[in-house]
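Record features, source TrEMBL:
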type: TRANSMEM; residues: 12-33; note: transmembrane segment
type: TRANSMEM; residues: 69-86; note: transmembrane segment
type: TRANSMEM; residues: 98-118; note: transmembrane segment
type: TRANSMEM; residues: 125-142; note: transmembrane segment
type: TRANSMEM; residues: 154-177; note: transmembrane segment
type: TRANSMEM; residues: 198-216; note: transmembrane segment
type: TRANSMEM; residues: 241-268; note: transmembrane segment
type: TRANSMEM; residues: 280-297; note: transmembrane segment
type: TRANSMEM; residues: 309-329; note: transmembrane segment
């Protein structure tokens, strides 16, 4: 497997790159809030946000568009960080929450609550997390037979992903009246995200990022290889479980709100490693803001390119991530 050349940038330049990304992300948020089925001027948007001069158009944007835009940023960031963690712990550049079955496990749990166990709907994200954990355990049980193998892990993930997707499709049969909305959600859609969804997502995201900060140093050691990490006193198996747990948590809370959105966790970590290097204290925050930026742009395009109709953002990401997946696959064979 070919290695990505790590840029030799100073810490100051890396911090400047991260701050620049934050600035671009904030500007993109304003643009995304402004354009849609109802367009508003920047003046009307700024007046409504900061001067409390709220027009009828702005009230629509505040109640419908703003939670969607902010949720897209959080979900994109969560999935990008989850992908970076999985690629480190699985030692495979093709690792992505959507490819290896974690997103499918989380979505199966969420759909089961939405369709069958409707009394538990307020626990949807927690049950999605349980589904993600079960999927991750299945992947490791199948893929770690006779020792850890990055290739076998990915193949096991693809198999688990296919099975869980089939089960999710079967569950939707129990709700034929709402099958269209559930299928749209399965494709990855933020169209029905509310302020309540955003608040829950933000709360769990804070917890997930806090957990992520606890494993950053261990991620750097894992990147050196299992034998080297063990020689430095790291319990590799325990750390691998911890890192996977954090990745599953970030993926599940995002899937519980936005459905299955693949390839963010594949594309962004590769771009970020190329630009800023493999040190996780810089890679993780950079991946988060870049992931938020990518998904926000994808969602903005999805709801505007064919307006007043829109396409699920998950499909847009597949169109972007599919060719990138092929590129990484061919590159890893060299």
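Just so you know, glycine gets a Cβ as well, placed from its N, Cα and C.
Ranked by Cβ pairs under 8 Å to the transmembrane segment (309-329), the stretches 12-33, 154-177, 241-268 are led by 241-268.
Note on the transmembrane segment (154-177): residues 90, 92, 94-95, 98-105, 107-108, 111-112, 114-116, 135, 138-140, 142-143, 183, 186 of its chain, located 6 or more positions outside it, place their CB under 8 angstroms from a CB of the stretch. Segment contact holds for the transmembrane segment (125-142) and the transmembrane segment (241-268), given three or more CB pairs below 8 angstroms at sequence separation of 6 or more. Long-range contacts of the transmembrane segment (198-216) within the same chain, counting only residues at least 6 positions beyond its ends with a Cβ under 8 Å from a Cβ of the stretch, are 67, 70-71, 74-75, 77-78, 81, 85, 125, 239, 242-243, 245-246, 249-250, 253-254, 257, 280-281, 284, 288.
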